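Before any comments, here is the structure.
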Amino acid sequence: METFLFTSESVNEGHPDKLCDQISDAVLDACLTQDPDSKVACETCTKTNMVMVFGEITTKADVDYEQIVRKTCREIGFISDDVGLDADHCKVLVNIEQQSPDIAQGVHGHFTKRPEEIGAGYQGHMFGYATDETPELMPLTHVLATKLGAKLTEVRKNGTCAWLRPDGKTQVTIEYRNDGGAMVPERVHTVLISTQHDETVTNDQIAADLKQHVIKPVIPEKYLDENTIFHLNPSGRFVIGGPHGDAGLTGRKIIIDTYGGWGAHGGGAFSGKDPTKVDRSGAYIVRQAAKSIVAAGLARRCLVQVSYAIGVPEPLSVFVDSYGTGTIPDKVILELIKKNFDFRPGMITINLDLKRGGNGRFQKTAAYGHFGRDDPDFTWEIVKPLKQEKALPA
């Protein structure tokens with residue numbers, strides 16, 4: 001039986017790039033909560049003792065950017081210089097301007113256009129992917145790497161492993177079998193965890209605690225065997241972390257945000273962007289399309305691409321690849337997708353309810369993945385029943 005290895009990684013909410021993603025989306029949430037028509041393009045960067053938010057925002061909302069920055073950092077656990085950043089005493093810089101009027105008139109006619117007329121906020125192409133290897137219809141490498149990171153944060157915050165600090169990375173390598181284009185996980189080959197820790201803990205305790213409290217609850221026993229390799233803090237020391245260890249920037253973890261290297265990626269980041277930015281809304285709708293195809297049993301794997309021109313509502317192209325796993329031809333799947341999904345940005349916004357902020361809705365997406373999440377705020381994860389005008393060919 002021929003197999004191959006594939007690897008996906010994840011990073012914790014305390015990783016400096018992910019800190020920036022969460023701040024950018026916390027700003028988006030604050031704007032949308034007060035003004036659902038806010039136009040937001042918010043970037044964040046951070047380094048030792050400093051966080052800066054900058055970009056273009058047009059909103060009627062009254063937003064205290066500094067308060068959002070400090071609150072987000074505090075909730076993640078950056079409460080002293082020892083852990084990499086002090087939320088209450090770091091410098092917060094703000095440089096926010098209004099959206100360019102040239103972009104505004106082209107995209108939404110300065111709010112005069114009907115939803116179906118709203119153009120894409122930018123050009124680009126986005127991909128959605130789904131696979132039947134997990135209940136989430138997501139790649140297992142990505143699911144496990146992401147869940148390991150989330151579990152690290154859980155046992156840090158609940159005190160199970162009090163030596164943990166906010167920053168950390170995880171990575172999982174799985175041995176797969178190709179079953180006619182579908183991916184079948186056989187076993188976990190390697191587990192890698194590098195986590196920030198305090199000065200007092202020993203490497204032996206780190207390894208023991210990670211195996212007992214993080215790996216064991218997350219990775220199903222059937223995937224582990226005597227040959228599974230564990231690299232647990234292989235560098236030997238990870239005390240300095242967060243923005244003190246590395247600079248952070250919004251939009252630098254786009255593969256972690258999506259499918260862990262599976263499928264494809266158009267290159268656009270998500271966080272800090274309102275739904276007129278098709279980098280985000282376009283990627284959400286094609287995930288729903290791909291997931292709905294796999295959930296309907298029409299393919300075991302599915303990739304959907306959509307592309308846009310700035311100011312133009314209709315997509316330039318829609319593409320489907322079932323990797324040879326389709327029960328019907330790809331061209332029939334494509335027609336089914338076109339009939340059931342409206343890819344115009346204004347209609348995506350309505351159908352997925354993307355103007356609704358609050359409840360930390362978009363901030364939640366900014367750590368531990370935008371897809372495969374069981375949360376009613378993740379409306380793009382809802383499987384859509386596919387209406388067929390005529391019986392599908394056998």
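Heads up, the Cβ atoms here are built off N, Cα and C, so glycines get one too.
As recorded in Swiss-Prot:
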- GLU9: Mg(2+) binding site (BINDING)
- HIS15, ASP167, GLY168, LYS169, SER235, GLY236, ARG237, PHE238, ASP246, ARG252, LYS253, ALA269, LYS273, LYS277: ATP binding site (BINDING)
- GLU43: K(+) binding site (BINDING)
- GLU56, GLN99, ASP246, LYS277: L-methionine binding site (BINDING)
Using C-alpha atoms, which one of the binding-site residues GLU9, GLU56, LYS277 comes nearest to ARG237 (ATP binding site)? GLU9
Can you tell which of the binding-site residues GLU9, GLU43, GLU56, GLN99, LYS277 lies nearest to LYS253 (ATP binding site) in space, using Cα positions? GLU9
Going along the chain, which residues six or more apart from HIS15 (ATP binding site) have their CB under 8 A from its CB? ASP167, GLY168, LYS169, GLY242, GLY248, LYS253
Within 10 Å of the residue listed as 'Mg(2+) binding site' (Cα-Cα), which of the binding-site residues GLU43, GLN99, SER235, LYS273, LYS277? none
If H, G and I count as helix, E and B as strand, and all else as coil, what does DSSP give for ARG237 (ATP binding site)? coil
With every protein chain in view, what's the tally of Cβ atoms within 10 Å of the Cβ of GLN99 (L-methionine binding site), excluding that atom itself? 21
Please report the number of other Cβ atoms within 10 Å of the Cβ of LYS253 (ATP binding site). 24
Residues near GLU56 (L-methionine binding site) in space but at least six apart in sequence (CB under 8 A): LYS39, ALA41, ILE96, GLU97, GLN98, GLN99, SER100
Rank the binding-site residues ARG237, LYS273, LYS277 by the number of other Cβ atoms within 10 Å of each Cβ, and give the residue at the low end. ARG237
Across all the protein chains here, work out how many other Cβ atoms are within 10 Å of the Cβ of ASP246 (ATP binding site). 17
Chain-internal residues, separated by at least six, CB under 8 A from the residue listed as 'K(+) binding site': CYS20, SER24, VAL53, PHE54, GLY55, LEU249, THR250, GLY251, GLY272
Spatial neighbours of SER235 (ATP binding site) that are distant in sequence (at least 6 apart) but have CB under 8 A: SER194
Neighbouring C-beta atoms (10 Å sphere around the C-beta of GLY168 (ATP binding site)): 26
